[in-house]
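What Swiss-Prot lists as active site, nucleophile is D8. Feature annotation from Swiss-Prot assigns Mg(2+) binding site to D8, D10, D212.
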Amino acid sequence: MARLAAFDMDGTLLMPDHHLGEKTLSTLARLRERDITLTFATGRHVLEMQHILGALSLDAYLITGNGTRVHSLEGELLHRDDLPADVAELVLYQQWDTRASMHIFNDDGWFTGKEIPALLQAFVYSGFRYQIIDVKKMPLDRVTKICFCGDHDDLTRLQIQLHEALGERAHLCFSATDCLEVLPVGCNKGAALTVLTQHLGLSLRDCMAFGDAMNDREMLGSVGSGFIMGNAMPQLRAELPHLPVIGHCRNQAVSHYLTHWLDNPHLPYSPE
């Protein structure tokens, strides 16, 4: 029996309209009744996630910013990881050959250089939004991550440019097909979950996890039971071909699987 369940948000626990379904909320409550520790592991900001948990009266640990921060049930900071200032400076000041928009995150929020209303559709559930600033005036010593949002082919070309410029000084990953992230070296959800399990006196074998994108790869590959969403990025399936694939987030597939796991743990599972 797993003792901790870790959930990605976008494309996993959230439906395509970026809301949590009623079945999902009911299933999360059932997990808590079984004393299973809930953990939300997401690229979203801790300020947004704390607001969501408060609105839903959910007790959960938070892995946010794709592993840059880990917070306890009470909001205590358990782990932090920031980009080195020289890496942040290079990414912010370099002229990249890309049409993608750039977004900077630190403990105060989400910052970008111009209005992009379409991006806010993913935040209708919480009302969280960016702040418009001159990105070249950002403090460089406390940047948690930098994201580029745009067309996937354009981002793939940008990934090559970033890798050539940064080498091994940063971790690059796609948190969605349209979002490329620049993270501290060694920073990912799996590493953050390792920190959390050590804090809780658990092992990764005691954990189950669900995800759909390449920023979930390390987490899914390290836990005792990892599950890939039916709507997952093809690259994730190719990287972890041994893991089971469940249904689509639009059908609240995590809830569907967990209901079966709670009620019929000894019977085979079918996502249909």
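Cβ coordinates are placed from backbone N, Cα and C, and glycine is handled just like the others.
In the three-state DSSP scheme, D10 (Mg(2+) binding site) falls into the helix class. The Cβ of D212 (Mg(2+) binding site) has 27 other Cβ atoms within 10 Å, all protein chains considered. Take the mean position of the Cβ atoms of D8, D10, D212, the recorded Mg(2+) site; other residues of that chain with a Cβ within 8 Å of it are M9, G11, T12, L13, L14, T42, A176, G211, A213, D216, M229, C249.
Rounded to a whole number, the distance between the Cα atoms of D8 (active site, nucleophile) and D212 (Mg(2+) binding site) is 8 Å. Taking the Cβ of D8 (active site, nucleophile) as reference, residues of its chain lying under 8 Å away and at least six apart in sequence are, in sequence order, A41, T42, K189, A209, F210, G211, D212, A213, N215, D216, M219. Of all the Cβ atoms in the protein chains shown, 20 others lie within 10 Å of the Cβ of D10 (Mg(2+) binding site).
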